[in-house]
Ligand SMILES: NC(=O)C1=CN([C@@H]2O[C@H](COP(=O)(O)OP(=O)(O)OC[C@H]3O[C@@H](n4cnc5c(N)ncnc54)[C@H](OP(=O)(O)O)[C@@H]3O)[C@@H](O)[C@H]2O)C=CC1
Ligand SMILES: O=C(O)C1=N[C@H](C(=O)O)C[C@H](O)C1
């Protein structure tokens, strides 16, 4: 355990024994300006967080439990940093509503804390208006519970918004599918494809096509350590960012 500064941020981790939670506990424990005060797993008492005086709770659990966790933390006046996926626009509105009753309280929800992944999304958004075709392909380990990934969904939403703003219609596509799913899922008019394979962690390609050229943006997380600088950045920022922040893009500049 690292030496703890007297004014260290008191951090609790939800989903502490999961693939991400384990890494997050290590990263928080090693950060000189943070103190890991609670590690909560499925079946544990959420009040362990408040009993331990957690100021910031980091959640890497599951889409089906994250809303209850978040609601409880907000109710208790605890800031939250959330990496768990499954945040639909309707869920985001509910979180904003809960936060509106707690002035000064912050929540940062990010589909991806990898700096490279955040930049990939930014580059995809910037490039989208210049190409008539755009598709997203995500690749993950086979134990991932959701598809498409939160990152792929967010990337497709950003591309769709940029295309709409530029007055672009749908990507050209004359295909009739012989089998359902052959052309992937549709996220606001942008096709998203999900690959699951042993040997992978988290990877994504954004393929943009125009007359006689393609641009492929690719990001690879080959180790979950890739998410830790972003998680720590958000944990340091959240206490002075009241309300809801979606993504860590705005924290990078
Ligand atoms: N934003 C980002 O940068 C990243 C986001 N993720 C997302 O994070 C989430 C977790 O991923 P990952 O770590 O791989 O998944 P894991 O299944 O390895 O971890 C989730 C952990 O949460 C536990 N858990 C389930 N319910 C609760 C609960 N109510 N309270 C406390 N703990 C609970 C699980 O226990 P049990 O197994 O017993 O159910 C498990 O230990 C996913 O949504 C994933 O997409 C992943 C990587 C990066
Ligand atoms: O489950 C994962 O592993 C990951 N989940 C996030 C997502 O769904 O986008 C982030 C990253 O892709 C890893």
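Glycine residues also receive a Cβ, built from the backbone N, Cα and C atoms like all the rest.
Whatever TrEMBL says is automated annotation, not expert-curated.
Annotation source TrEMBL lists domain 'Dihydrodipicolinate reductase N-terminal' at 9-113. If you look up TrEMBL, you'll see 15, 16, 17, 18, 19, 20, 41, 83, 84, 85, 110, 111, 112, 113 marked as NAD(+) binding site. The active site, proton donor/acceptor annotation in TrEMBL covers 140. The (S)-2,3,4,5-tetrahydrodipicolinate binding site annotation in TrEMBL covers 141, 150, 151. TrEMBL lists 144 with the feature active site, proton donor.
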Where the C-beta lies under 6 angstroms from ligand 1, the matching binding-site residues among 17, 19, 141: 17, 19
Those recorded positions listed as 140, 141, 144, and which of them has the most Cβ atoms within 10 Å of its own Cβ: 140
Rounded distance in angstrom between the Cα atoms of residue 112 (NAD(+) binding site) and residue 151 ((S)-2,3,4,5-tetrahydrodipicolinate binding site): 6
Candidates 15, 17, 19, 41, 110 (binding-site residues) - the one closest to residue 141 ((S)-2,3,4,5-tetrahydrodipicolinate binding site) by CA: 19
Near-site residues: (S)-2,3,4,5-tetrahydrodipicolinate, ref 141, 150, 151, CB cutoff 8 A to centroid: 85, 111, 112, 138, 140, 144, 146, 149, 152, 202, 204
Number of other Cβ atoms within 10 Å of the Cβ of residue 110 (NAD(+) binding site) across all protein chains: 27
Residue 150 ((S)-2,3,4,5-tetrahydrodipicolinate binding site) and residue 84 (NAD(+) binding site), Cα-Cα, nearest whole angstrom: 9
Residue 17 (NAD(+) binding site) versus residue 150 ((S)-2,3,4,5-tetrahydrodipicolinate binding site) - Cα distance in angstrom: 21
Recorded positions near ligand 2 among 19, 110, 112, 144, 150 (Cβ under 6 Å): 112, 144, 150
Set of same-chain residues at least 6 away whose C-beta sits under 8 angstroms from residue 41 (NAD(+) binding site): 15, 16, 17, 21
In three-state DSSP terms, the structure that residue 41 (NAD(+) binding site) belongs to: coil
Residue 151 ((S)-2,3,4,5-tetrahydrodipicolinate binding site) to residue 110 (NAD(+) binding site) - Cα separation in whole Å: 9
Under 8 Å by Cβ from residue 19 (NAD(+) binding site), counting only residues of that chain that are 6 or more apart: 143, 224
